[in-house]
Every structure is written in structure tokens, then in C-alpha cells.
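Trainee: Submitted below is the structure of interest, expressed as C-alpha cells.
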Amino acid sequence: MQRPPPEDYSLKETNPHIGGRKVTGDKFTTTYDLVEQMLYLYVRVVKAKDLPGKDVTGSCDPYVEVKLGNYKGTTRHFEKKPNPEWNQVFAFSKDRLQASVLEVTVKDKDFVKDDFIGRVLFDLNEVPKRVPPDSPLAPQWYRLEDRKGDKVKGELMLAVWMGTQADEAFPEAWHSDAAAVSGTDALANVRSKVYLSPKLWYLRVNVIEAQDLQPSDKGRFPEVYVKATLGNQVLRTRISQSRTINPMWNEDLMFVAAEPFDEPLILSVEDRVGPNKDESLGRCAIPLQYVDRRLDHKVLNTRWFNLEKHVIVEGEKKKETKFASRIHMRICLEGGYHVLDESTHYSSDLRPTAKQLWKSSIGVLEVGILNATGLMPMKNKDGRGATDAYCVAKYGQKWVRTRTILDSFMPKWNEQYTWEVFDPCTVITIGVFDNCHLHGDKNGGGARDQKIGKVRIRLSTLETDRVYTHSYPLLVLHPTGVKKMGEIHLAVRFTCSSLLNMMHMYSLPLLPKMHYIHPLTVSQLDSLRHQATQIVSMRLSRAEPPLRKEVVEYMLDVGSHMWSMRRSKANFFRIMGVLGGLIAVAKWFDQICHWKNPITTVLIHILYLILVLYPELILPTIFLYLFLIGVWYFRWRPRNPPYMDTRLSHADSAHPDELDEEFDTFPTSRPSEIVRMRYDRLRSIAGRIQTVVGDLATQGERLQSLLSWRDPRATALFVIFCLIAAIVLYVTPFQVVALLAGFYTLRHPRFRHKLPSVPLNFFRRLPARTDCML
């Protein structure tokens, strides 16, 4: 039995005040029922009219200031516009309301001091409450007043109401929680947002042949290859074996392309004229919008493409008008594959690219991101530690980002998101990050959002329609060891629309059928996954506000395939854990054979006798036994979703040098003596693995050599034994043979010899191919 993990790293069940568990009359529970209700005072500033001029010129540069206690939000200002239109929303958290009166002031922007135009006051006790799906509150015109309360010229259109975070205005509102952030760009960085991954395709380029190439040196055999470029991806064919001006390749090149197809595929035919010198014999650019799309393995038609040749005249590149040559290719966008952009162990989506091939959804996943507790300080702010935390959740093509809660080690988000589910054997990943881009790019472009930790939840481990509310430890492996960075509190519900459809999914292959009919090689898949993650991180980092490269790469587990001593050890012990069951059965059987518990051994004899005499009971007995074990284990079924286990990962017992090696860059940046020590250590481990693999191969080769006449005497003995055994087994009833063999195996220790048995001795003496190894 494994010892339970330390309490600090454990998963804790919680009982938050959410509507998902109970049916109430509150409409809030139907829209936002997996999070705690948070109340906000919303102020929508729509527009103003007939504002008086305050400048010397008689013009007006108006803006609105919304003030509640110490919290103050301002709209943008307009130059010389007496009838401005802002349409901005402000949200003040009810937990932080510091006054009973809301003040909405219209001011005139000035160089020295902004002029007061007029204001509208609201008593908070009279503000109406609005809960979706109620209709939005209609804004009204209010006459402006001066500081004494007298009416002045000008009117302001406003709507003021109390609402929850389920309100449509919530995502785009200016928040009192983010009052310290200034500037439109920085404000965009703290808002919640939903992103979509770009639609990814595999692009297959089958380069067949070229015709009528024109190398500059006619007297030599050309060494020609094709170089294909798509964005940052560059692939080359091998050099053609037919060294003529009509070379042939018939080679496939695979790329990852993302919609919208901004960049064309550029092919150039190159001639290797020297060791590091290539000459271009022609090129062509193919826009991907016009490339054929295929959904299955049907062979598409090939096409000839004209190659253009460029010449440099007086330093400028010009296109040659004369005919150069052409290239024969088959190009298609593969819609039948799923483009892998995540680690295969934690895939959140397994659908093919082409929408026509998608199966219907089987259910809905709802996640309420409630809060975090005990977060560590991630940066220094005014001489003290601070954390500005936000969450990112990724499932399928949809990424969501919560708003950033400023300067809090116990942030409360209470945001709920929904995803369609197409396969239960998928994983949702939720990461917590520290926002380092709150003041634009004053820190320089090098600021990176810090990772606080992440949680993965496999949907197939969840019961349907149950609301899981747990506090997950945020565990991160640092060069100094594993560290708990805090806890994140989630509410998760997986609702199944059709149980029959979901059960049917378990009979289907995990990946689309093209992966099995025309499989890609392991190295191809590795390289394509790297390209896909680069494209996704580049596209999402260009969104507004950006989901930055370091965040996307952490969520997609980029670099998880790198060598790590700790991970290798953990995987070895996982294998031993799996084999532990077989070893336990072998030990139990050995105890039966050695009569350690005579009653059990006698019972096994009786059971064995029944099964031999009535062989038709063997399979029913096995399946009945498995059924009973399954029913018996139901009492101890896991009631919590799985979570990060430091003991399983060997993160709590990793040696500091092993961690330093894991966090080293690739290629290495460590001094040569450390690299030499690590290389020697790696060689010793690899030597042990090599020995184990060699031993397994030896046993297999010994089995083969039974009939291969490599050892003529051993094979002769085995062949004679087989002939005698065939005759004996033909003459003797099967039940008698089975009974004798079984009772011989279960014989009492006094009839046993300590030396190995004759068949084992014979097997160990058989030759293997180790003698032929250099």
C-alpha cells in the first residue's frame, strides 16, 4: 500500500454557496449556477447632449467621471463635441461599496484644471436590481445639476442598476477591482475573454517530378532537390536519384496550415552545385485557398505547376519572361486527420479537421472558476510581494480567460463557462497565471506572465450530472523542488445529452480513421505537433488582449517530451506498479503450490478438478469471478476526480541535480564537467536498460531456436519430445493429462526438489543470438 500524500498536497472537497445543487426560484441559478453570486453596481454612461462650452473658444471637450467613495472611473474624452456618445459601462463590487451615493460628473478636459460642467447623484438604496434573463435596463435622460443642486444646461443619458456577474455588461465593464490599472491597452489585459484556436489542417505535398530544368552548368549531372516553405516551416526532399534535367522524387512533405490561409506555399527547385552552395532553378507560389481538400484516402488528381526563374539585374531581382520549366505535384489539405497540438495524453479534442466528419455532441461540460486561496507572492510591488492572478481554461478549440484580480492572494473570480463535449475520454486544463502586463509595456517587451500552477480533469472520470466542488492544490516543479503555489477552487459538472451515444463512443477508435488507414510516422507527428503549437501560440498572442506565448505553451505542455531523470524513474515505478498485480498473483500461486495454507490449496484442487472435468465451466467461472471482483470494488470507487500526485511523479523525492538537469535549456547551457557527469550517469542507466532489453530478446530467441536447428542436438531432442507428446496426448484423454499436469504443479513441498526443473534447464541451455553480437 502506498502511504497517503501529505495533507498539504491533497484534494479537498468543499461546500460553496452555489445554486447548482439545489432547485430554487432564483433565475440566477439557471444561468450561473456553479459559482457564488457576486453583486455589482453597474453604471452605463451612454451619451450627453446640449453641453455648454467652457473654454475661451466656447467649445467643450467632455468626459464623464463616475465616482463611488474612493473608486473613480472615467470615460474617454472627445475634442470639441457638445453631443458626445461614450456607451461605456462601469461596475463597482458590492463588497467594496464605500458610500451610499453614486456621483456621475461631466467635466471638460483642460490643460491646467478640468472644468466642472454638471453632475447627477443617485441614492444606492433606490437603485433597481436586475437579474438575467430579465431584459437590460433602458437608459434614461437626466438633467445635469451644479454642486448646489440647481439644474444647469445639458443632459446625460444613463442606466444604473444592481446586477450579478451573469450580466451581459460584465465582461466589457470597467471594474473597481482593477481601479489601479490605467490606459486602454492595460485595461484590456485585465478583462475576461473567450478565444478560439485557429482551425488547423495538415497540408500534404506529394512532389512527383520536374521537367526541363535548366542548370547553369550544362556539363555536370544536376543534384536536384525541392525545398518547400510555408510560413516558418521549411522541408526538403532528398536529392533525386535520376541525375538528369527531368528528375523524379515521388516524396510526401507534410505541413500544418491554419485558417485564414495568409501565406502561400512556396516551392523552389534547388541544384546542389557545391558543398554549401545551392542554385535555384525555379520557384512557384501556391495560395492555399485554391488547394483541394480531401476528407478520406481517395487519391486526388495531380497537377503541373510552372516554375518561375529570377535573375538579378543591377542588384534588383527581376522575373525572367522566358519559359523555365515545370513541376508535377499532388497537393491537398487533409480534412480527415485530427491535427495534434496538445500532448496526446491530455488531449481535449480528437475530432477531424473537416466539420462534415464530426459526430454529434454527447454532452456539455460546465466549469465554475470560484476562487483561489493561499497564492504565493509572484512579484515585487512597492517593496512588498504581490500577485495579480487570472485563470485560463482550455478545452477543444475554445480557450477562456477570467478577469485579473489585482493584488490579492485570495482572488475571487466566480466566472462560469460552458463547452460542448464530443468525446468523454478528453481532458480539460485550467491554469493560473500572474499578470505582468498591467501597465502596458513599461517593463519592456520582455515581461512574461508567471505560471502559478495548473489542474487537469479527465471527463471520463466524472459521474454525469454530479456537481464536483473541490479545492485543487496548484503544484509546480521548480529547480529547487516541488512547491505548492496555493489552491484553486472549482465547480465542475458534466451533463450527458445521450447516454447511448456516450456508451457507443467507447467502441470507436480514439483518433479519426485516417490516422489508422494512412498513419503518419512518430517523427512526423512530433515535428507536426511542434509546428501546430507554434502556430496556435503565435495566433493567440496576436489576439486582443493577447493570450501570451508562455501561457499557451504551458497549457499545451510544450517540452513535456524532453528527457528527465525524475520522469523516467516515475514511469519505471508506474510499470512496476502495473506488474505488481501480476507479481502478487504469481506469489499467491507459489504459496498455493508450496501448501503455505493447506485449506486454500485443497479448495484450489477441488475447483481445478471441477473445471477439468467440466471444461465448459472454465470461461463462465472466469467472467463470473471478474464480475464479482468488479461489484466488490464498487464500494471503494473513487469519489473525487484525480489530481496532481507528487508521490507518483517522484517530485517530492527528486535529487537537486536531477531537477537542475530537467530545467536545463536544450541544447544545454551548463558547464562541460557537469554535462560530462550527467552523460556518464545517463550511459550507466542506459546500460542497465540495454541489459534488460537484451535479456528479453534472449528469451525470445531461445524460443525461436527450439525449431531452428541452431543447436542440432537440442532441436533433435525437442522434435522427438514433440512426436512422443503427440502420440501420448492422442491416446490419453485430455482430462487425464490436464489433471496430472495440474496436480503435478500443485504437488506438496516434500515431493519438490530445490534445483530448477528439467524443462527450465533445457530452455536456459538453448542458444540465443548474443554470440553473434559484436
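Every residue gets a Cβ built from N, Cα and C, even glycine.
So TrEMBL says this about it:
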DOMAIN    22-142  domain 'C2'
DOMAIN    181-305  domain 'C2'
DOMAIN    346-472  domain 'C2'
TRANSMEM  601-634  transmembrane segment
TRANSMEM  716-746  transmembrane segment
Trainee: Let me spell it out: take the transmembrane segment (716-746), skip the flanking residues so only those 6+ beyond its ends count, and list any with a Cβ under 8 Å from a Cβ in it.
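Mentor: The answer is 592-593, 601, 604-605, 608-609, 612-613, 615, 706-707, 762.
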Trainee: How many of the residues that make up the domain 'C2' (181-305) does DSSP mark as helix, as strand and as coil?
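Mentor: Final tally across the stretch: 8 helix, 64 strand, 53 coil.
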Trainee: Within the domain 'C2' (346-472) only, compute the mean pLDDT.
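Mentor: Summing pLDDT over the domain 'C2' (346-472) and dividing by its length gives 89.
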